[in-house]
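The domain 'Autophagy-related protein 16' feature in TrEMBL is assigned to 50-173. What TrEMBL lists as coiled coil is 56-189. TrEMBL lists 226-267, 268-309, 310-352, 361-393, 394-435, 482-514 with the feature repeat 'WD'.
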Amino acid sequence: MEEAAVMEERMGLAVVQACRALRQRHREEEGAHGPALAALFTALSRPPDGELHGKMEALQLELSQSYQKQSQLSEQLLHEVTGAQAFREQLVERENSIVQLQAELLGARGRVTQLEEELEKKERALEASIEEMKALRIQVEELDAKLVKAQAENRMLIDRWMEQKMKDAERLNEANAMYEDMMERFKGKTLDDLARAQVDGIVRHSEAGAEDYVESGMPTSLRHAMRAHDGGCSTLKFEHGGGSLISGGHDRLVRTWDTERGVPLATLRGCLGSVLDLAMSHDDTMVLAASADHKLYLWEVQSGRIRHTLTGHAEKVCAVDYSKASNRRAVSAAQDRTIKIWDLQTGYGVNTIVCHSNCNAVALTMDGDIVCSGHMDGNLRLWDVRSGKSASEVAAHGQGITSVSLSKSGNAILTSGRDNVHTIFDVRTLEAQASFRALGFRVATNWSRSCLSGDESYVSAGSIDGSVLVWSRRLNETENSLKHHPSAVLACAWSNVRRRLASADKNGGICIWE
């Protein structure tokens with residue numbers, strides 16, 4: 001601003017001086033032409049002669065030239081004044097630009113100061129984060145060391161526990177052998193009594209429900225091999241009062257089969273995910289399916305119509321069971337670590353049990369008041385249906401439980417685990433009654449289903465190599481190995497009214513054995 005003012009002042013002084021110089025020159029020129037004009041006027045006042053006439057013409061010429069120079073100087077002065085005015089306007093514009101640029105510079109300096117302050121804060125925060133990360137890294141290293149130590153201790157404890165379990169199993173097997181020996185003696189003693197009780201060639205049983213009782217036999221031959229599902233068949237169930245079989249697969253279909261002829265009877269549709277487990281009502285009129293789409297589907301067998309779609313689980317539903325006494329109650333388990341009790345009359349859940357470990361299998365007791373559940377932590381748990389509280393639990397397997405199935409009498413429960421062991425427990429006391437294993441037998445998946453024969457004499461389960469093993473409970477050893485499946489066997493089911501065993505594999509095939 002000061003430089004601009006000084007420059008403007010200098011320009012003004014230069015213009016004033018130029019004007020003064022032009023006026024002075026004009027006066028000097030007028031003074032120089034004054035004697036000539038006086039002489040001219042004197043000469044004019046005299047009589048003209050030839051010499052004077054020539055001088056007069058010369059003076060007139062000189063006067064006109066002076067006027068011309070004066071005109072040129074005036075034009076030059078006007079041009080200089082106009083140029084000075086334009087220069088002054090440019091100077092004003094530049095001064096305004098300088099003021100604007102100075103304001104922008106001031107604002108930019110303010111923003112730079114603000115950014116420098118923010119950068120300093122972020123640098124301090126970064127330094128604090130680096131220090132915190134170093135401290136966390138030290139804590140992680142310490143925790144890793146503790147974890148390694150805990151894992152070593154855990155392995156040692158598991159080894160000790162497994163050794164103790166093997167010893168307990170050996171003692172249990174010895175006790176079972178003694179029990180079986182006593183039972184054999186008792187049966188031999190009572191044969192005569194049974195023969196005396198025979199009237200008209202019919203043995204009269206005193207137990208309720210003995211009219212449809214059929215002693216299970218050892219299956220030895222393949223009756224039918226059927227291609228049932230695309231992508232795998234994960235669950236099988238026999239009807240309670242007939243010989244029909246129901247299956248569910250990864251193709252989202254549920255099919256019923258005539259095991260006598262080996263042909264399909266009906267197909268139930270509408271499920272939007274893989275069928276992982278099935279259950280039938282006690283009167284064989286309803287089918288309930290657990291699906292990988294987080295829902296359960298309830299069909300009417302006769303019409304094939306879906307009565308209810310049960311929603312409430314947040315993950316895939318992997319296990320389901322129906323009440324043995326009523327068509328109204330059912331239980332399901334999902335990978336969201338919840339067990340739900342359902343009212344199938346309304347299609348709504350009535351209770352939810354939250355578990356600490358994922359549940360792979362569930363079964364309702366005969367009265368429907370207790371839920372038996374098998375979990376990935378290897379524990380078998382019993383829950384009160386009304387309160388949702390744990391009634392009791394037992395460490396059943398060294399690894400996750402894949403299957404829980406209740407015997408026909410309701411007094412025993414069979415569990416299978418990823419440790420490739422099958423164990424029968426007393427439902428009331430949760431005491432282990434028998435354990436079964438075999439060389440080379442391996443459970444295929446976390447949801448492989450084993451089964452117990454109707455008379456509780458045999459245990460059957462499928463292996464990853466495609467074989468179906470049958471254990472004798474009386475002999476406590478493998479009695480037969482059935483081979484026909486080309487892939488891992490996922491599920492087995494035993495008919496309660498006929499001497500037939502069904503098995504399903506990972507390719508979707510079903511075999512009927514008898």
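Cβ atoms here come from the backbone N, Cα and C positions, even for glycine.
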Six or more residues beyond either end and a Cβ under 8 Å away: which residues meet both conditions relative to the repeat 'WD' (310-352)?
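Result: 273, 276-283, 285-286, 288-298, 358-368, 371, 373, 383, 385-386, 388, 404, 410, 447.
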Assess whether the repeat 'WD' (226-267) lies in contact with the repeat 'WD' (482-514), where contact requires at least three Cβ pairs under 8 Å among residues 6 or more apart in sequence.
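Contact between the repeat 'WD' (482-514) and the repeat 'WD' (226-267): present, because at least 3 Cβ pairs are under 8 Å.
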Please list, for the repeat 'WD' (482-514), how many residues fall into helix, strand and coil according to DSSP.
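Here the numbers are 0 helix, 18 strand, 15 coil.
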Kindly state the mean pLDDT of the repeat 'WD' (310-352) in the predicted structure.
93
At a C-beta cut-off of under 8 Å, are there same-chain residues at least 6 beyond the repeat 'WD' (394-435) that contact it? List them, or none.
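Contacts with the repeat 'WD' (394-435): 158, 161-162, 165, 168-169, 172-173, 176, 319, 324, 358, 360-366, 370, 372-380, 382, 441-443, 445-452, 454-456, 459, 461, 471, 473, 476, 496.
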